[in-house]
Amino acid sequence: MRSAASVTDEEATIYSPATSIDNEKHESLKTSSTVHPPDRGLHAWLFLAGSFLIEGLALGFPGAYGVFQDYYSTHPPFQNDSSLPTVSTCAMGIMYLGMPVTMGIQRLSPRLSAWSPLIGIFVMAGALVAASFATTVPHLIGTQGILFAVGSSLSYCPCIAFLNDWFDRRKGMAYGIMWAGTGLSGSVLPFVLQYLLGGYGYQYTLRVCAVALVVITLPVVYFVKPRLPPSQLIPQSNPFNFRFTLSQTFMLHQLANVFQALGFFLPSIFLPTYARSVLGASEFVAASTILLLNLASTVGCPTMGWLSDNYHVARCLFIATVGASLATFLLWGFTTTVPSLLIYCAFYGLFAGSYTSAWTGLMRQITTDDTISDRYSCEDTDPVMVLSVLAAGRGIGSVLSGPLSQALVGDYWHVRTYGAYGTMYGPLVIFTGLTAALSGIVLFWRHIGWIH
């Protein structure tokens with residue numbers, strides 16, 4: 001039950017078409033210096049560093065969209081347009097929803113996938129340049145939303161696929177470190193964007209970001225490559241075998257995953273606007289909400305990755321979701337000052353931001369459970385494809401959260417109560433807390449035997 005990209009070096013040598021001619025060539029390839037060991041060595045860590053940076057920028061820009069939205073909503077030509085949140089939710093949704101297809105194609109052609117990060121970088125840069133000419137929100141959705149998401153998927157998916165082979169015993173921690181890239185970039189980008197938007201406007205800002213994205217990522221894209229040399233890369237025979245999704249264990253985890261995604265993205269979109277419009281925070285402080293949220297996730301992701309290497313996935317997910325739910329209900333819900341809101345951002349980023357780092361535990365469970373493989377004839381399940389389907393579920397939640405956010409925030413809420421609950425953002429706070437709480441039900445399902 002191993003993916004093509006995760007076969008051992010010896011197996012790759014035996015079955016590679018390039019090495020099936022004679023035994024001498026087998027031996028030369030087995031001892032080749034281009035085959036680097038997993039979990040250790042300079043090349044493994046250079047790969048992780050490159051993936052960290054690419055992932056940080058590919059997901060960091062959509063993650064920092066709250067700063068763009070705060071600017072767009074108060075400046076022409078997008079001023080007061082209620083559909084602005086759709087740009088971010090569309091970008092994140094497409095990146096996640098398209099992952100099974102993108103990942104599957106790349107597993108069919110692993111050699112060509114090595115070029116995918118480079119292509120994706122230029123597509124993302126082109127999307128930002130195209131967005132700089134936008135004068136309508138649909139134009140923003142098509143460029144800063146959809147086109148950027150396509151480029152992000154092309155550059156980001158190989159990082160996920162190759163990492164599965166570069167790391168074995170430390171897989172959860174490695175994925176956590178890579179996913180922490182979004183948190184670090186999200187800690188820096190809000191202030192850079194705030195400065196550029198305030199001083200130069202959105203057109204100049206988007207063009208500068210496009211150039212910076214290319215300049216920063218090109219030096220490291222070389223290191224984002226498969227662990228095995230091209231001659232030993234074997235296409236996955238059936239990457240689109242999704243029969244594992246029929247198992248009760250996976251379906252219940254996916255249901256909880258969609259619930260979590262429905263509310264997860266909303267704070268990062270609305271916190272800057274909430275801080276400025278409700279609490280009277282300055283633009284700098286408003287941008288700090290995103291900084292703290294993302295900075296906390298840089299700690300949460302590797303920590304949760306380590307936990308997923310050592311504890312059951314249901315327990316890890318319960319920690320992430322209950323922590324996020326309590327923080328939302330108690331800290332954001334009752335906040336009346338900027339400092340208390342900033343404390344909420346740190347707690348929410350620490351717990352909610354680390355949720356996906358526990359996916360590696362589910363990948364391992366699905367691909368090693370003989371009951372699932374025997375019952376659903378999915379013994380050749382690729383762990384990376386398990387992750388891609390989980391990402392698609394997250395994308396469903398992200399796309400749905402866009403229209404939901406427009407319905408949740410409004411002047412119709414006239415409940416007189418304390419803190420954020422008494423503002424127009426009250427329904428949003430309640431919804432975010434509830435979705436986080438519901439997604440933590442996986443631990444209860446495991447307790448009653450519904451999941452293994």
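Cβ atoms are placed via backbone N, Cα and C, with glycine included.
Between the stretches 85-105, 400-420, TrEMBL puts its transmembrane segment entry on 85-105. Proximity of the transmembrane segment (112-134) to the transmembrane segment (44-65) is established through 3 or more Cβ-Cβ distances under 8 Å for residue pairs spaced 6 or more apart. Contact between the transmembrane segment (175-198) and the transmembrane segment (281-301) is present: at least three CB pairs lie under 8 Å, with pairs separated by 6 or more positions in sequence. Of the candidate ranges 85-105, 204-224, 281-301, 313-335, 341-363, 281-301 contributes the most Cβ pairs within a distance under 8 Å of the transmembrane segment (255-275). Residues 43, 46-47, 49-51, 53-54, 57, 61, 117-118, 121-122, 124-126, 128-129, 131-132, 144, 155, 158-159, 162, 193, 196-197 of the same chain lie 6 or more positions beyond the ends of the transmembrane segment (204-224) yet place their CB under 8 Å from a CB of it. With Cβ pairs under 8 Å as the measure, the transmembrane segment (313-335) is packed most heavily against 341-363, out of 85-105, 281-301, 341-363.
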